[in-house]
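Q: Found this in Swiss-Prot, in case it helps:
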ACT_SITE  Cys293  active site, phosphocysteine intermediate
COMPBIAS  189-203  compositional bias 'Polar residues'
DOMAIN    30-148  domain 'Rhodanese'
DOMAIN    206-349  domain 'Tyrosine-protein phosphatase'
REGION    176-203  region 'Disordered'
Amino acid sequence: MIDTLRPVPFASEMAISKTVAWLNEQLELGNEQLLLMDCRPQELYESSHIESAINVAIPGIMLRRLQKGNLPVRALFTRCEDRDRFTRRCGTDTVVLYDENSSDWNENTGGESVLGLLLKKLKDEGCRAFYLEGGFSKFQAEFALHCETNLDGSCSSSSPPLPVLGLGGLRISSDSSSDIESDLDRDPNSATDSDGSPLSNSQPSFPVEILPFLYLGCAKDSTNLDVLEEFGIKYILNVTPNLPNLFENAGEFKYKQIPISDHWSQNLSQFFPEAISFIDEARGKNCGVLVHCLAGISRSVTVTVAYLMQKLNLSMNDAYDIVKMKKSNISPNFNFMGQLLDFERTLGLSSPCDNRVPAQQLYFTAPSNQNVYQVDSLQST
């Protein structure tokens, strides 16, 4: 069969498509130089996907980093084996990306599609990349034998995509988070706004109140006795491996240290339960608690977001938005964001089949959207 290729309307000079018939033929022939990338939400991927495909997903709030070019494609894979497989084969294999249907692309808006952006980045990195005409739905309808389906899944594969998880046809918003990405400890004064202008002058020089008892700050805040006294802080959660607990021997403060570096290889999520318990202990004793790392924009933010997710029953996006409204220069590293996504699924917050009802009607309204959040039960009394 002759390979069917045609220019993609939104980027004809850089991206071409493959038909589902062509892909079926390659799978029938056992082509071992074919790398399939499923760009749908993870729930849909786990429910059913084309055989041998690997899933690539990204939180909606991280799209700006992808657009700015601060992330290599390999960084989008949350599973190490998928990342390694992509790294080994992307330079030699034919890479085919697919979303659910690839039907909404056109010359005017397709260039803003994340799938289109990913195609461009793959081309820039030297990959032979294509998109699948009609996407997964068309391939499954015509060649279901080459689809792997999880019959034990609790959610239907027809559930609507979750925007926080999938790439697919998501559009890049100018309101996305700032594009700071580093595997090293970062200086909060180096943060920039979406247009590249510094944020340092607008950032507070003291801990930021996230909840009436919960404060987010940097290492400097943890060494300022006047600040600690002003905010009634008696508990200090130090999310670094090497910064000292300065007043530990004085007996006036209770410390907990989480020995994690700001690096993609670190597993911060394993410490979520004890960090959340420590924060709750401070709340129970009507004490303020400071969560800090070095710069106060990555590790400490990740822990704070995890706390809000569990205690307020929030999705990662909503919890992140609350923190960002209070402190605009936050920038957790990409791997920590992936761990928050896993935590979201563990809490059952991302499942379309989750019909849990909050036990208490206690509310907090975030100005960034119309969602209503439980928070009164977390306020110190």
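Even glycines carry a Cβ here, placed using N, Cα and C.
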Q: Can you break down the domain 'Rhodanese' (30-148) into helix, strand and coil residue counts using DSSP?
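A: The counts are 54 helix, 24 strand, 41 coil.
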Q: Give the mean pLDDT for the domain 'Tyrosine-protein phosphatase' (206-349) on the 0 to 100 scale.
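A: Over the domain 'Tyrosine-protein phosphatase' (206-349), the predicted model scores a mean pLDDT of 94.
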